[in-house]
Amino acid sequence: IWIPEDAGNPLNWSASFKWTVTAIVALSCFATAFASSAFSGGIRELVYGFHASTELITAGVSLFVLGFALGPLVWAPLSETIGRQKVFFVTFACFSAFLAGCAGVNNIGSLLVLRFFAGSFGSSPFTNAGGVISDIFSAQERGRAITIFSLAPCLGPAIGPLVGGFLGENEGWRWVQGLLAIFAGVLWILGSLVVPETYAPVLLRRRAETLSKRTGMVYQTKFDAERGPVSAKQMVSTVLVRPWILLFTEPIVLLLSIYIAIIYGTLYLLFAAFPIVFQVHRGWSEGVGGLAFLGVAVGMFAAIGFSLYSHKWYTASAAKNGGFAPPESRLVIGMVGSIALPIGMFWFAWTNGPSVHWISPIMAGAPFGFGLTTVFLSVTNYLIDAYVIYAASVLAANTVLRSLFGAAFPLFTRYMYNRLGIHWASSIPAFLALACVPLPFFFYKFGARIRAKCKYAAAAEQAVKMFLAKAAATTVTEVGSNSGSEDDVDIEKTAEVKDPIELTRAKTNDTVKDTAAIYEAGPYDIDRVNTKNSVSGI
């Protein structure tokens with residue numbers, strides 16, 4: 001296991017270095033999200049330059065976001081096999097190259113293809129950044145780190161049209177793509193030089209390999225020893241099939257993923273709607289039209305402040321429940337945000353006409369941005385806490401569905417606005433958000449009962465209870481061997497899933513070294529332990 005104060009353990013890095021790493025991975029997510037929407041700032045020039053329809057040019061946004069749906073299915077399992085650092089190095093280099101290629105193309109077909117691949121490779125930080133933060137921060141520190149980090153992927157789409165609009169208006173759309181490529185390239189160099197590997201199983205596997213070479217004996221990590229060999233079929237089943245099983249068999253995952261997909265799709269719908277509302281109907285230029293997103297950005301900043309303030313509610317809930325808050329406590333801020341969402345959307349829908357002062361529809365973006373961010377944070381944390389050992393698969397399902405909505409919504413926006421008018425067209429997503437308002441309240445009240453009746457959620461809860469029970473029975477210096485216990489059998493019966501990758505994480509068959517704090521330090525890898533005879537400095 002990791003020895004005390006092990007310098008190789010990312011949890012023991014200095015606070016300043018942890019926050020440096022967090023800043024870089026957050027900026028990487030910001031760069032990808034920023035690139036997704038900055039493209040919309042040059043749509044008018046692209047239409048004239050390539051003699052293409054607005055709908056075809058808008059596909060440049062949709063295809064980029066479609067890449068978000070496909071990329072994580074590859075990058076997530078790959079990062080757990082070869083490490084997060086190598087995946088970032090390769091994918092972000094390709095991301096920068098594809099963006100640079102976008103700046104030099106001479107036909108719309110090549111531009112759309114390059115945008116799709118840029119989105120696919122650029123999505124890797126979305127997959128791995130949360131894992132990096134989980135790797136380097138304990139649970140007590142992680143809450144604030146994730147909240148601050150989450151501002152990056154939310155703020156990027158809101159800032160993109162502003163920068164892209166002014167730059168595209170003054171320097172041309174090629175410079176928009178060039179700026180994105182330069183920004184991504186700088187972050188690629190910075191991340192490659194500064195951010196080391198953080199994923200514990202990979203670090204410990206390297207340590208075991210080093211020990212084997214030095215001593216001539218065979219060393220293996222506990223995780224690899226217990227998991228055993230994993231076939232390609234088993235890996236494909238876990239990575240590609242499991243997310244869809246969870247999405248369509250677990251009502252919690254399905255309903256909350258649809259909710260997130262609707263508001264995420266609405267955000268990208270605005271990238272096509274705002275030019276219609278502010279540029280076509282009010283006569284604003286592309287640059288000034290991008291300023292309309294400032295209201296959304298203000299709401300997002302307010303949401304982060306509110307989330308940090310509300311952390312005390314989660315702490316109080318944990319204190320009342322023996323130090324382990326129920327997953328439903330994560331939904332409190334989402335309940336507030338779910339009400340703010342339709343308020344902002346209806347406000348925008350019925351004040352966006354040229355007869356109403358321009359400040360009103362821009363101000364309407366604030367409650368929308370606030371609601372989007374709080375609901376996104378709330379639902380994501382709830383799904384992680386509710387599914388623990390299946391969190392990666394659940395988040396993959398959520399990411400794929402919301403990315404599909406984000407890719408589809410901009411494509412029909414112009415048709416919808418032309419047919420229905422700016423008021424009723426803007427009201428349709430508002431009505432959808434209004435219909436979803438009861439969801440956080442419903443799961444807050446009945447979530448525990450529903451989880452008990454869902455196969456995967458019940459299995460995850462059983463795994464957590466099993467681990468906490470075993471951890472409570474040990475002391476800091478105690479070494480326990482519990483292989484073959486009834487708890488191990490129960491979790492397999494409860495899960496009824498023959499998956500050696502995820503079931504192994506639910507078992508604690510060997511050393512338990514630090515009460516429940518070990519679980520809190522890395523809930524995504526319950527058996528986040530370790531090599532035999534770990535040696536400091538290796």
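Each Cβ is built from the backbone N, Cα and C atoms, and glycine gets one as well.
Listed in TrEMBL for this protein:
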type	residues	note
DOMAIN	21-453	domain 'Major facilitator superfamily (MFS) profile'
TRANSMEM	21-44	transmembrane segment
TRANSMEM	56-75	transmembrane segment
TRANSMEM	87-106	transmembrane segment
TRANSMEM	145-167	transmembrane segment
TRANSMEM	179-204	transmembrane segment
TRANSMEM	252-278	transmembrane segment
TRANSMEM	290-310	transmembrane segment
TRANSMEM	331-350	transmembrane segment
TRANSMEM	356-380	transmembrane segment
TRANSMEM	387-412	transmembrane segment
TRANSMEM	424-444	transmembrane segment
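Summarising model confidence by region, the domain 'Major facilitator superfamily (MFS) profile' (21-453) averages a pLDDT of 88. Of the two recorded stretches, the transmembrane segment (356-380) lies close to the transmembrane segment (290-310), with three or more CB pairs under 8 Å once pairs fewer than 6 apart in sequence are set aside.
Of the two recorded stretches, the transmembrane segment (290-310) lies close to the transmembrane segment (145-167), with three or more CB pairs under 8 Å once pairs fewer than 6 apart in sequence are set aside.
In summary, the transmembrane segment (387-412) does not lie against the transmembrane segment (145-167): fewer than three C-beta pairs, each 6 or more positions apart in sequence, are under 8 Å. Pairs of Cβ atoms less than 8 Å apart link the transmembrane segment (87-106) most often to 21-44, out of 21-44, 252-278, 331-350, 424-444. Taking Cβ pairs closer than 8 Å, the transmembrane segment (56-75) reaches residues 35-37, 39-40, 43, 46-47, 50, 87, 91, 108, 111-112, 115-124, 126-128, 239-240, 243, 268, 271-272, 396, 399-400, 403-404, 406-408, 410-411, 413-414 in its own chain, all 6 or more past its ends. Residues 36-37, 40, 43-44, 58, 61-62, 65, 157, 161, 246, 284, 286, 288-289, 292-293, 296, 341, 345, 352, 358, 361, 368, 371-372, 375-376, 379-380, 382-383, 386-387, 394, 397-398, 401-410, 413-414, 417, 422, 425-426, 429, 432-433, 436, 439, 443, 447, 450-451, 454, 457 of the same chain sit 6 or more residues outside the transmembrane segment (252-278) yet have a Cβ under 8 Å from a Cβ within it. Within the same chain, the transmembrane segment (145-167) stays apart from the transmembrane segment (424-444): fewer than three Cβ pairs sit under 8 Å, each pair at least 6 residues apart. Beyond the ends of the transmembrane segment (21-44), by six or more residues, the same chain brings 13, 54, 57-58, 60-61, 64-65, 68, 88, 92, 95, 99, 115, 118-119, 122-123, 125-126, 128-129, 132-133, 136, 145, 148-149, 151-169, 172-173, 176-177, 179-180, 183-184, 187, 190-191, 194-195, 198, 268, 271-272, 275, 279, 286-287, 290 to within a C-beta distance below 8 angstroms of the stretch.
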